[in-house]
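Undergrad: My questions all concern the structure below.
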Amino acid sequence: MNAVRSIESLAAGDGQHNLFRTLGPTLLISMAYIDLGKWLVAVDAGSRFGYDLVLMVLLFNFSAILCQYLSTCIGMVTGKNLAEICRQEYSQVICVVLGLQAWVSLLTSELTMIAGVAVGFILVFEHDDLITAICIASVVVNLLPYTLSRLDTRVAGMLNACVAGFTLLCFVLGLLISHPQTPVNMDVMFPKLSGESAYSLMALLGANIIAHSFYTQSSFVQVQRRSSVLTLGSLFHDHLFSILFIFTGIFLVNYILLSSAADESSATMVMNFQDAMELMHQIFTNPAAPIVLLVILLFSSHIISLTCIVSSDVISENFFGIKLPLSAHHLLPKGFAMILTIYCAKVAGPGGIYQSLIMCPVIQAMLLPSSIIPIFRVSSSRLLMGRYRVSLYVEILAFLAFLLALFTNIIFAAEILFGDSTWTNNLKGDAGSPVILPYSVIVLISCASIAFTLFLAVTPLKSASNES
């Protein structure tokens, strides 16, 4: 597919300006951070806990910037993507587990993409048939990638970057125009954590850091090692600026949504899908907001569709040793995601869609700590990175980002096992509402992820063992 190959052309700098070389890949990656599920997570957290979790969102955003930057450095210095390096440096069993985690993370992104577009159709066209909306959304998100596949790779690459930039700009400016006087409440910036907030904290972690995007980012930029236009040092600075610029905009969006929900929460507490939609209508006061929302979801779903194809190809080939045609990577994840979305709608109706949009970031957060370890190991390896090995200060920051993700998961696991919070009882089904994912499955995924993280933390790279 030319639309997918255009991403490599974009990263290689085949466009009319070198700006696309560094800004383009990050713009494409950023689309996964602005789907409807991420918005609902911020709105839900703000309505329940006000400004208590703002600082944690900021720390998660810093961690995402660091992880994406290190993934970029790894891809450019080694000329290989992160999954390819993991295949060389870890055993086959570890690679299979890392691949399963990355593929589940990718599948949850596809699910939230389809569910988000379906909800957008319902809001704009006031259509009550949720199953039909899901089927339409599953078809629509595939149309634009196939349309662009007929274009020249260079033109398609620049067009994809422009679509991603336009979508992010519309989203950020739309929120700023809707809320020109969003306050910065310094008195409540410090986090106030409790068992009740553990679920929202996990959802915010998964909404701000996406595990499979590390492999995608390193795959996008690995062709830049062969560049003769700019040195690696200058490319590092350009990529860092691009990542800082774009992820600062993403944090600004999350802060506006969270603070707006906190200000409106006195009148509306988010308990179900209808409450969330009512609160969204209060936040987006402009009558044209639903249409703009749908346009943003459609454009972002196109970019997410392309990046997920690349992610699926990288994951299956390097972790599982399976080489499939790009059409299979395009259809299989979306097919599974559509089936799961229809299942959620059948089991619990609109409430099931709302649960899935909140649950998917939680699942992504469970898979995150073990996915950070390869980034930390590889970027600090002298044998793999040479003179571009990260400094001690960056190593410390990466280690703190890992601890932040790990301790968030431990708090969540402790609460789900031994706590008696409202969300724990809801997951157990004690509240009487339908449950889309059994409580035992959530406990199993959480505990297994933490155990695998601890095992991977004490497992050195093969090259480090040989050096010793």
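The backbone N, Cα and C atoms fix where each Cβ goes, glycine too.
Positions annotated as transmembrane segment by TrEMBL: 53-72, 93-124, 130-148, 155-177, 197-215, 236-257, 288-310, 331-348, 354-378, 390-416, 436-458.
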Undergrad: Do the transmembrane segment (93-124) and the transmembrane segment (390-416) share at least 3 Cβ pairs closer than 8 Å, excluding pairs fewer than 6 residues apart in sequence?
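TA: The answer is no, given that the two segments have fewer than 3 Cβ pairs within the 8 Å cut-off.
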Undergrad: Same chain, outside the transmembrane segment (354-378) by at least 6, Cβ under 8 Å from its Cβ: which residues?
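TA: Sequence-remote neighbours of the transmembrane segment (354-378) are 36-38, 40-41, 44, 67, 70-71, 74, 78, 82, 85-86, 89-90, 97-98, 101-102, 104-105, 108-109, 111-112, 115-116, 199, 202-207, 209-212, 214, 272-273, 276, 340-341, 344, 348, 384-385, 395, 398-399, 401-402, 405-406, 408-409, 412, 435-437, 445-446, 449-450, 452-453, 456-457, 460-461, 464.
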Undergrad: Pairs of Cβ atoms less than 8 Å apart decide it: which stretch in 53-72, 197-215, 331-348, 436-458 has the most with the transmembrane segment (236-257)?
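TA: That would be 53-72.
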